[in-house]
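*Asks:* As listed in Swiss-Prot for this protein:
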DOMAIN    2-148  domain 'Globin'
MOD_RES   Ser4  phosphoserine
BINDING   His65  nitrite binding site
BINDING   His65  O2 binding site
MOD_RES   Thr68  phosphothreonine
BINDING   His94  heme b binding site
Amino acid sequence: MGLSDGEWQIVLNIWGKVETDLAGHGQEVLIRLFKNHPETLDKFDKFKHLKTEDEMKGSEDLKKHGNTVLTALGGILKKKGHHEAELKPLAQSHATKHKIPVKYLEFISDAIIQVLQSKHSGDFHADTEAAMKKALELFRNDIAAKYKELGFQG
């Protein structure tokens, strides 16, 4: 399940493009998540009042949270699978405080892929998509294992 050095390099290359505008990418990821899976919005008290895409686009709080999400994910990706220290507190908060099901992590992974395809179509080739999907799956599997350790059946 691990990624090769070459696959990690591909992931980090495309992630470098994301880092030029973490807040913008993050906001777009969350908007796609909420549009594609409106039930996920119930987990975000801060954003429940945002009913339209325009309201979401105008929300500085949504943009800030998108930045937070992608900053955390970038820190994990840069560890190239050696992300135990970064993952533990994230799993803890998402299992015990936020109660985010693993399924929702799949949904946001899909949204990330869609945003990368949309914003970086010239650089997001089949090998890039495959490597990123593999990295996100590794992240989700490791979060799911932590959830299990914590007794969260998300």
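Using the three backbone atoms N, Cα and C, a Cβ is placed for every residue, glycine included.
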*Asks:* When you measure from the Cβ of His94 (heme b binding site), how many other Cβ atoms are you left with inside 10 Å?
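*Replies:* Taking every protein chain into account, the count is 22.
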*Asks:* Provide the three-state DSSP residue tally for the domain 'Globin' (2-148): helix first, then strand, then coil.
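*Replies:* The counts are 116 helix, 0 strand, 31 coil.
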*Asks:* Which entry in the list of modified residues, Ser4, Thr68, has its Cβ near the fewest other Cβ atoms, using 10 Å as the limit?
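*Replies:* Minimum Cβ neighbour count within 10 Å, taken over the modified residues Ser4, Thr68, occurs at Ser4.
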*Asks:* Under 8 Å Cβ-Cβ from the residue listed as 'nitrite binding site', six or more apart in the same chain: what's there?
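*Replies:* In sequence order, the residues whose Cβ lies under 8 Å from that of the residue listed as 'nitrite binding site' (at least 6 apart) are Gly26, Leu30, Phe44, Lys46, Phe47.
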*Asks:* Rounded to a whole angstrom, what is the C-alpha distance between the residue listed as 'phosphothreonine' and His94 (heme b binding site)?
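*Replies:* Their Cα atoms are separated by 14 Å.
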